[in-house]
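What follows is a set of notes on a single structure, which appears directly below.
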Amino acid sequence: MSAGYRSMAISASDRERGQQSMAMLVLAALGVVYGDLGTSPLYALQEAFNGDHGVRPTPDNVVGVVSLFLWSLILMVSVKYVMVLMRADNKGEGGILALLAQITGGRSGDGRRVAVGWVLLGLAGAAMLYGDGVITPAVSVLSAMEGLQVATPALAAYVVPATVVILAMLFMIQPFGSGRVGAAFGPILAAWFVAIAALGLAQLWRNPAILQAVNPWHGIAYFQRNGFAGFVSLGAVVLCLTGAEALYADMGHFGARPIRLAWYGLALPALILSYLGQGALLLAHPQLSGRPFYSMVPEWGLLPMVALSTLATIVASQALITAVFSLTHQSAQLGFFPRVKVLHTSGSHKGQIYLPLLNWTLMLATIAVVLGFRESGKLAAAFGLAVSTTMAITTVLFAVLARRRWHWPWWAVALVAGSLFAIDLAFWLANALKFLDGGWLPLLLGLAVFCVMGCWFGGRRLQMRESRGRQLPLEALLSSLGMNPVARIPGVGVFLSERADGTPLVLLHHLKHNQALHETAILLTLQMLDVPRAAGERVSAQWLGQGMARVTARYGYMEEPDVPEAMARAAEALGLPPLEPLSTSYYLGRQTLVAAPGSGGLKRWLVGVFAFLRQNERSATLYFGLPPNRVVELGARIEL
């Protein structure tokens, strides 16, 4: 075979492999990302016509509500998330913290107070996603299992126990990773989308009058007709958007293109047909508004559809679990959350992670919610407030990013972000009226997480400020060692430092107590960047004199620091022989934190919470991959 033909064959083979890889990513993204959005037809539309705030299912109201559902999907998912926000990625990573990292990482001249304000706003939005991550698995699986009551009322007593068992099994398979889970769940959700599209299309064929809902004027007329009651029903409309924030947060797991292809190719058309089909059914049979989804299913297919919907809602839960894992990992790397154990579950896609402690915490909280509420209708009223809060904060942060980093003109920011925020605000106000109906639950969960993140962020700021005040200039230390030499012991001592300037406090304590220093002393700083993965030089090293060297290792917030690997690179850069494990010691500071005398009650509480979190976070030895038998921890008492 000639070189030209061989090159063409290799190129065609590469293209085929690339297409197969993309198809697998699209299928995995379909299974993990779109489960929550995809199963909303189970309960979303019926909430608009039932409960304390439901409207009568008259033909005009049915057309108006369905129009609101369709245009909410188009404006808030297709436009806001898929077209706009997915372009606001941070080197491939999405989510509210990716927005926050871009805003705070590029600030210049805004002042510390403004930066802290954006951080707290971003943390509040991120915290709401935890409440959503607890409630979504509960309401999704519970709503599917309640379909058993439609098929066989005698099974009603088994709905809650079966839901608990299914949720427990879902969390138990998380260690296998989102990629493997997505590969298994993708075909299930593909079948689900095809099924709901077929059911909707059958009803649409019988009653095409519902196609009027495609005209957005019917949604506007719905508000004019129903007034305040119509506005309140937006609390039900927002249920069709649950999972949109996870779509953005999961960008790092699968990439933007597979997520877009899955949305436009299957998810969006199927959702539109499903809501149109339910609307067509209600035009002919308004008395079925209590359960329009299952009413579309012929009697012979009811049990198979209940089984498929149960599988699909298991998939739906995965979207939020994956997003919460990603969010927690980003938070810890950016300094907004204590260190936790992170396991990477894929060698080819580094964004696929598993957090054991968080997984079991979510499982217990989700099961507790199921046992407490016991009905999906009660839970459906609960989590719209968390969803709309996160969506609104995301829009605000996007506006700041567009203005400060992308340098959009004010009129463009007002046109794009202002229009989206107006819709977000309407959803939020409508859901705020459901606070006493269960909306308090996600807010309570979000507030608990926000307290942890806020206290950690505030405590770290106090600690860094105190450390700067106690730090000795490095030049002074080098001068002191030159005039007053200390005993030198064989080997290498590595002293970890949070700052790349000054002298690490752990080194000062070592000199104070031991009156000796290793022949080679390395001051190591692990620098966490505000991008997902570090580009360019990973490790920089330079000699300082007196047998001391400064080493800085740079990592993105989606990477795991590996100190031994960084030190191997540093030794090569410094011209040192490979470091011998038995002659290298790592020195870490272990600080006891207390509030300074005279501190107010709020500061004492903040320092107390921060000290508790610091005491119980994952140890630096395990987190940085240090050999446990070569680590020395030196304690100190610090008043903040």
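Positions of Cβ are set from backbone N, Cα and C atoms, glycine also.
Pulled from Swiss-Prot, these are the features on record:
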type: TRANSMEM; residues: 25-45; note: transmembrane segment
type: TRANSMEM; residues: 65-85; note: transmembrane segment
type: TRANSMEM; residues: 115-135; note: transmembrane segment
type: TRANSMEM; residues: 153-173; note: transmembrane segment
type: TRANSMEM; residues: 181-201; note: transmembrane segment
type: TRANSMEM; residues: 227-247; note: transmembrane segment
type: TRANSMEM; residues: 263-283; note: transmembrane segment
type: TRANSMEM; residues: 305-325; note: transmembrane segment
type: TRANSMEM; residues: 353-373; note: transmembrane segment
type: TRANSMEM; residues: 381-401; note: transmembrane segment
type: TRANSMEM; residues: 410-430; note: transmembrane segment
type: TRANSMEM; residues: 438-458; note: transmembrane segment
- prompt: the transmembrane segment (438-458) and the transmembrane segment (410-430): do they have three or more Cβ pairs under 8 Å, with pairs 6 or more apart in sequence?
  reply: no
Query: To the transmembrane segment (25-45), which of 65-85, 153-173, 227-247 is linked by the most Cβ pairs under 8 Å?
result: 227-247
Task: Please check if the transmembrane segment (115-135) comes into contact with the transmembrane segment (181-201), where contact means 3 or more CB pairs closer than 8 Å and the residues in each pair are separated by 6 or more positions.
output: no
Statement: Comparing 65-85, 263-283, 353-373, 438-458 for Cβ pairs under 8 Å with the transmembrane segment (227-247), the winner is 65-85
- request: Grab the same-chain neighbours of the transmembrane segment (65-85) for me: Cβ-Cβ under 8 Å, and only residues 6 or more beyond its ends, written as numbers and ranges.
  value: 37, 44-45, 48-49, 55, 94, 210, 212-216, 218-219, 222, 233-234, 236-238, 240-241, 244-245, 247-248, 259-260, 263-264, 268, 271-272, 275-276, 278-279, 391, 394-395, 398, 416, 420, 423
Query: Can at least 3 Cβ pairs under 8 A be found between the transmembrane segment (263-283) and the transmembrane segment (181-201), with each pair 6 or more apart in sequence?
result: yes
Message: Ranking 153-173, 305-325, 353-373 by the number of C-beta pairs under 8 Å to the transmembrane segment (181-201), which range is first?
response: 305-325
Message: Let me spell it out: take the transmembrane segment (305-325), skip the flanking residues so only those 6+ beyond its ends count, and list any with a Cβ under 8 Å from a Cβ in it.
response: 31-39, 42, 95, 129-130, 132-133, 136-137, 140-141, 143-145, 147-148, 150-151, 166-167, 170-171, 174, 178, 181-182, 185, 188-189, 191-192, 195, 243, 245-247, 249-250, 253, 294, 297, 353-355, 358-359, 362
